[in-house]
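Below is one structure, written out as structure tokens; the observations come after it.
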There are 2 protein chains.
Amino acid sequence: MEAIAVRREGGNATVERIEKPRPEPSTGEALVRTLRVGVDGTDHEVIEGVHGDFPEGEDHLVLGHEAVGVVEDANGTALEEGELVVPTVRRPPNGTNDYFERGEPDMAPEGQYLERGIVGAHGFMAEYFTSPAEYLVRLPPELAEWGFLVEPLSITEKAVEHAEATRSAFDWQPESALVLGNGSLGLITLAAFEREYDRTYCLGRRERPDPTIDIIEWLGSTYVNSTETPVSEIPAAYEAMDLIYEATGYAPHAFETIEALAPNGVGALLGVPGDWSFEIDGGKLHREFVLHNKALVGSVNSHAGHFEAAIDTLAGLDEAFLDRLVTGVYGLDEYETAFADDDTTIKTAVEFASHEER
Amino acid sequence: MEAIAVRREGGNATVERIEKPRPEPSTGEALVRTLRVGVDGTDHEVIEGVHGDFPEGEDHLVLGHEAVGVVEDANGTALEEGELVVPTVRRPPNGTNDYFERGEPDMAPEGQYLERGIVGAHGFMAEYFTSPAEYLVRLPPELAEWGFLVEPLSITEKAVEHAEATRSAFDWQPESALVLGNGSLGLITLAAFEREYDRTYCLGRRERPDPTIDIIEWLGSTYVNSTETPVSEIPAAYEAMDLIYEATGYAPHAFETIEALAPNGVGALLGVPGDWSFEIDGGKLHREFVLHNKALVGSVNSHAGHFEAAIDTLAGLDEAFLDRLVTGVYGLDEYETAFADDDTTIKTAVEFASHEER
């Protein structure tokens, strides 16, 4: 079967179409025929070599962690052939561990997980993949086309669940929400927020005309240009925010978020920056945390429950929004286009098989 | 009646014994005869003028926010004469507002509360005070002697409730807890933590011999000397912490806490530092937040429910610990000694009347 993998020789990484044997499901595993696999910022970091690891002893890593597929061989599991499924990303490294046993692989610390397509395990960008049935989440057939968006939405479901948990000891009544970052994760999160909060904002550093700004405004949200309004000045320029969702990986944003929050507000951090030292007014930020009961919470990955919540959220999103968000779905012959990273590309996927054809 | 108040003339603050008329309870208020009132760091900040405000139009502020008293005149409220009560601290500034209506004055932002003895309202360091009955929490008679410790313990109850809330979206199993600060709030918190967590630590900057280090070790906890082990190096020197409780007001601790936390850990911030700019490795801290699902939560003040929880906690503390913690209880004639701030003073209170005498 065909797969898309990254290889590294010297300092050079190449993304290639490769031939691999079709995998055989072990006991408890199903064989899945891949339909579509999304591309995101993490894939680009994996390709650049700044994030993730190849599987032990391998000279390549099959890419892809945002997949949707159809069960080809249920192999005696509770699944049925023909069912649509979305795979979760983390797998136990050696046998299992407590985090996986209790269904919370997203809370496992480093060394206690692999991530398919990212950390030490091949991804889903292949014509077929196998997976233990417990890591395959059923998807309604009408969502087949958009199923590769379940994994990124699940990241948001977890981050928001954890952010809301921080505010669960009192009667929190959030009205305003700000998304930092107008990449594909930021935009799909904004679309979900638009349904939950009275007033939403999305921050980016692009100038008009720009397709992401068009989407932000089409959603009914307010675009905040970070080159004109730094995060710390958003309360003065717009309003203080009850919820801030950081999806930029730009470290100063994590700390400016404290100032941009309204009293009793919470910031969810999702970016993964490299080391970067800079000055902050730590006394002021510490005081702000305390006197206004603010919280910051980091969030990574997601568990099967978040995938299920993401499927519900996806079903409620406007198809017109999804059409604008997904700027391209490319067959194997044009897979390179799916990895383009320019200002007209928002969200792309590689299509291995069409849902209609199966 | 007599009271203890701070006056300020020019830049000089004096703490004085003053004569004031005994207050008359309004409808819905009870008259309380004061037994003991504790002294803490906030009182010293109020005296220095770095925190709080005098009541509008007044040239003095009666001090004290950690009180225990006995109902002298129930005045038609649900209380009974002779009952022991501990007053909460916040009061609505003009009529009421949503935060007070729903019993969460601790979540009110600046401008929507007064604080007795701190912000714009006289405190409890007087022979009598009045209070709406809803702000008086009943105390069992056997705790009369230690009732002035309920307010500081309620601060910890709230902070821990909010910290635990941040971890409520998953199966959190904390084992290690670190208190930053060996002042009276740090030590009473440590005593409460000693009952909840397998391993506890308390950080200070004192050298032996020192009475707070003696208490820490007597509790079965480990003393961490911050002049030898910076907070960020605690995981290497001891272990990474599931819960960190910051009660130093030293701003770098707020940020070093992120590094000292174990994966999935939470830091509760309680200090109120002034402005102070310094450099941090913001990229590393941001990444730590995200990849290890960490949280920081600020916490200020407490509501009646936290006072009730604090009474339960207080009832479970060893009297031998409380005897060591409270280094002096002083009558009105020696009130100045209660405001001493040296290395042999841990916790003090002013006694206005003895519980036995009433």
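A Cβ is built for glycine as well, from the same backbone N, Cα and C atoms used for every other residue.
Checked against TrEMBL, the range among A:8-27, A:88-107 recorded as region 'Disordered' is A:88-107. Record check: TrEMBL places A:T42, A:E115, A:E151 at the substrate site, and the matching candidate among A:N293, A:N301 is A:N301.
Sequence-distant neighbours of A:V272 (NADP(+) binding site): residues of the same chain at least 6 apart with a C-beta under 8 Å from its C-beta are A:E45, A:H51, A:G249, A:V300.
Closest to A:R205 (NADP(+) binding site) by Cα-Cα distance, out of the binding-site residues A:T42, A:E115, A:N301, is A:T42. Summarising the environment of A:R205 (NADP(+) binding site), the number of other Cβ atoms within 10 Å of its Cβ, over all protein chains shown, is 13.
The most crowded of the binding-site residues listed here (A:E115, A:E151) is A:E151, judged by how many other CB atoms sit within 10 Å of its own CB. By neighbour count, meaning other C-beta atoms within 10 Å, the densest spot among the binding-site residues A:L270, A:V300 is A:L270. A:L270 (NADP(+) binding site) sits 9 Å from A:N301 (substrate binding site), counting Cα to Cα.
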